[in-house]
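Participant: Sending over a structure as structure tokens; questions will come in a sec.
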Amino acid sequence: MTLITICGPTATGKSGLALDLAHRLGSIILSADSRQIYKYFNIGTAKPTIKEQQLVSHYLIDICEPTEILTLAEYQKQAQSFIQSPGSQTDVVLPTLLVGGTGLYIKAIVKGLKIPRVGPNEKLRSQLANLGQKQCYKMLQQVDQVAVEKIHPNDVVRTLRALEVFYVSGKPISQQQGEDLPNYPILQIGLDCDVEVLGERIRDRTEKMVEVGLVEEVKCLCEKYGEKLPLLNTLGYAEMKQYLAGDISLAEAIKATVLHTRQFAKRQRTWFRGYPEIEWFDGNAPNLLDKVWERVREFTRILAEKTQE
């Protein structure tokens, strides 16, 4: 088992690089994108095209209906099944490529996060939410002091999740968390660009998405699932939904999408820069593929030498 991750801010060229590397390695690509797991959300999520999926096998995309929820634990389980037992899933030989910008997905794999196996309980969450955040936080203080020290008093989502895990499993969430590092080699590659260059790439990509049918995609999704579908409030879709509602012009929707995407990229950069194991490359470098390929070959050569010892 060997894993190569390719991470970094959006629009840095992760998917293209992964496609080239996977083709050279004869490997598969696992998506680490929290929106590409959903069917029908294609253009706005920059999902690999049918042609790209035919060139290299992609997994963990289109595995959920837009109305479903995939927990982090479920994602981790599915990803690990490919990484640890690729022969049972495909005819492709490792290394496996894990590619995307959802930091928590990648962390769940490379850090081996221990995640409570408690699924969402909407009825319980609703009952707790009706009590108000202040009361819920007091309840959490009584049952899990360790979790309280890590959760801000105003963090409704994490407070409800901690209480949900406790009441469903009978054990504090803090006792069900931690890390269990994988026992296989991992090479972590990160792509980034100069801020202004990345801004231009984001603008170009957004305009391209609109050209190839993003507005039509959003319109169809609204008609099929209703405008209140949570996924339609995410980056790119929310802005185009505003345009379709007549609240803003198309130019304004594009401008807002670019701005929000740049803000998102900044948050992604902050997240990934917190992990010193990641080896960074300039996503705008003309010889990017050659540089990364050289590092990958070095990585695989060292592993081969260790295996022969």
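Every residue gets a Cβ built from N, Cα and C, even glycine.
Pulled these from Swiss-Prot:
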BINDING   Gly8, Pro9, Thr10, Ala11, Thr12, Gly13, Lys14, Ser15  ATP binding site
BINDING   Thr10, Ala11, Thr12, Gly13, Lys14, Ser15  substrate binding site
REGION    33-36  region 'Interaction with substrate tRNA'
SITE      Thr102  site 'Interaction with substrate tRNA'
Participant: Test of understanding: give the count of other CB atoms lying within 10 angstroms of the CB of Thr12 (ATP binding site).
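Facilitator: A 10 Å sphere around the Cβ of Thr12 (ATP binding site) contains 28 other Cβ atoms.
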Participant: Relative to the mean position of the Cβ atoms of Gly8, Pro9, Thr10, Ala11, Thr12, Gly13, Lys14, Ser15, the recorded ATP site, which additional same-chain residues have Cβ within 8 Å?
Facilitator: Gly101, Leu191, Gly283
Participant: I need the CA-to-CA distance for Thr12 (ATP binding site) versus Thr102 (site 'Interaction with substrate tRNA'), whole Å please.
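Facilitator: Pair distance, Cα basis, whole Å: 14 Å.
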Participant: I'd like the number of other C-beta atoms within 10 A of the C-beta of Ala11 (ATP binding site), please.
Facilitator: 26
Participant: Tell me which residues of the chain lie with their Cβ under 8 angstroms from that of Pro9 (ATP binding site), as long as they are six or more apart in sequence?
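Facilitator: Looking at Cβ-Cβ distances below 8 Å from Pro9 (ATP binding site), excluding near sequence neighbours, one finds Gly101, Leu191, Asp192, Cys193, Leu198, Ala265, Lys266, Gln268, Arg269, Phe272.
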Participant: Here are some binding-site residues: Thr10, Ser15. Which one has the most Cβ atoms within 10 Å of its Cβ?
Facilitator: Ser15
Participant: Excluding Thr10, Ala11, Thr12, Gly13, Lys14, Ser15, please set out which residues of the same chain place their CB within 8 Å of the center of the CB atoms of the substrate site, keeping sequence order.
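Facilitator: Leaving out the recorded residues gives Gly8, Pro9, Gly16, Ala46, Gly101, Leu191, Arg201, Gly283.
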Participant: Count the Cβ atoms, other than its own, that fall within 10 Å of the Cβ of Thr102 (site 'Interaction with substrate tRNA'), considering every protein chain shown.
Facilitator: 20
Participant: What's the number of neighbouring CB atoms sitting within 10 A of the CB on Lys14 (ATP binding site)?
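Facilitator: Summing over all protein chains shown, Lys14 (ATP binding site) has 25 other Cβ atoms within 10 Å.
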Participant: How does the region 'Interaction with substrate tRNA' (33-36) divide up by DSSP, counting helix, then strand, then coil residues?
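Facilitator: Final tally across the stretch: 0 helix, 0 strand, 4 coil.
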